[in-house]
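Undergrad: Shown below is the structure under consideration.
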Amino acid sequence: MILVLDVGNTNIVLGIYNDTKLTAEWRLSTDVLRSADEYGIQVMNLFQQDKLDPTLVEGVIISSVVPNIMYSLEHMIRKYFKINPLVVGPGIKTGINIKYDNPKEVGADRIVNAVAAHEIYKRSLIIIDFGTATTFCAVRENGDYLGGAICPGIKVSSEALFEKAAKLPRVELIKPAYAICKNTISSIQSGIVYGYIGQVRYIVERMKEELQEEGEKEPLVVATGGLAKLISEEAKNVDVINPFLTLEGLRIIYEKNRVKVI
């Protein structure tokens, strides 16, 4: 049994794998002020509520885009699981070739998603991760990670509008029935949701063109992240929604590196 942790700016997603099967999945809020013991108590409670034995965990892997939280999480893993966690970063075997100008700049989450999608789908790829930031990544069929685009997540965009425009309210992120709306709340929802859909459509089509200009076949477009379903279904050019892509990538990377885990 292995424990995988995907640490994002807003949430920490945890998963338990028995071989290749995801048997449990949990979500905690990301808080850099929380101590190792506070995280440890939370995680132990999650194991208890799902009737899982933490002593059966034989390996742990962490991907994080929040450096300031890592001391607490690594200390928690060592104290409560008696394991040195594997951390996604330089020196880790991934099976993909990073063609970024500076490979160290590529976020761990983007690498993990690329590993999972390359392993699962085995073709040219565009990967979209709808998180605090929305990332678009292009991967050749041979596993070359070419780069991509980063933009504010849809929730960040919505919050920025609420915070900077005094008379505009915070709204629920749902798709209105029409683009032409007759009240302020629906009008904001229209602008945010349909505007974001348009952004996704254009970036995907532009990346498809650039990949095909380099000789790649028609890429498969894979989406993941909390708001993938809301945006992808309307964007029309997303082929697959895989909500567990990042967790799968962590499992795959763990298997590639398990001899290094002490």
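Here the Cβ of each residue, glycine as well, is placed from N, Cα and C on the backbone.
Note that the structure is a prediction, hence the values are computed from the model and not measured.
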Undergrad: Of the candidates TYR100, TYR194, which one does Swiss-Prot list alongside GLY107, ALA108, ASP109, ARG110, THR184 as binding substrate?
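TA: So, going by the record in Swiss-Prot, that would be TYR100.
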Undergrad: The ATP site in Swiss-Prot lists ASP6, VAL7, GLY8, ASN9, THR10, ASN11, ILE12, VAL13. Which one of THR94, THR132, THR134 belongs there according to the record?
TA: THR132
Undergrad: What is the number of other Cβ atoms found within 10 Å of the Cβ of ASP6 (ATP binding site)?
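TA: So the Cβ neighbour count for ASP6 (ATP binding site) comes to 27.
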Undergrad: In whole Å, how far is ARG110 (substrate binding site) from THR10 (ATP binding site) when you measure between their Cα atoms?
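TA: That comes out at 16 Å between the alpha carbons.
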Undergrad: State the Cα to Cα distance, in Å, between ILE12 (ATP binding site) and ALA108 (substrate binding site), rounded to an integer.
TA: 14
Undergrad: Could you list the residues of the same chain, at least six apart in sequence, whose Cβ is under 8 A from the Cβ of GLY107 (substrate binding site)?
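TA: Listed in sequence order, they are VAL65, THR135.
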Undergrad: List, in sequence order, those binding-site residues among TYR100, ARG110, ASP129, THR184 whose Cα sits within 10 Å of the Cα of GLY8 (ATP binding site).
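TA: Near GLY8 (ATP binding site) by Cα: none of them.
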Undergrad: Restricting to the same chain and to sequence separations of six or more, state which residues have a Cβ under 8 Å from that of ARG110 (substrate binding site).
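TA: Long-range Cβ contacts: ILE127, ASP129, THR135, CYS137, TYR145, GLY148.
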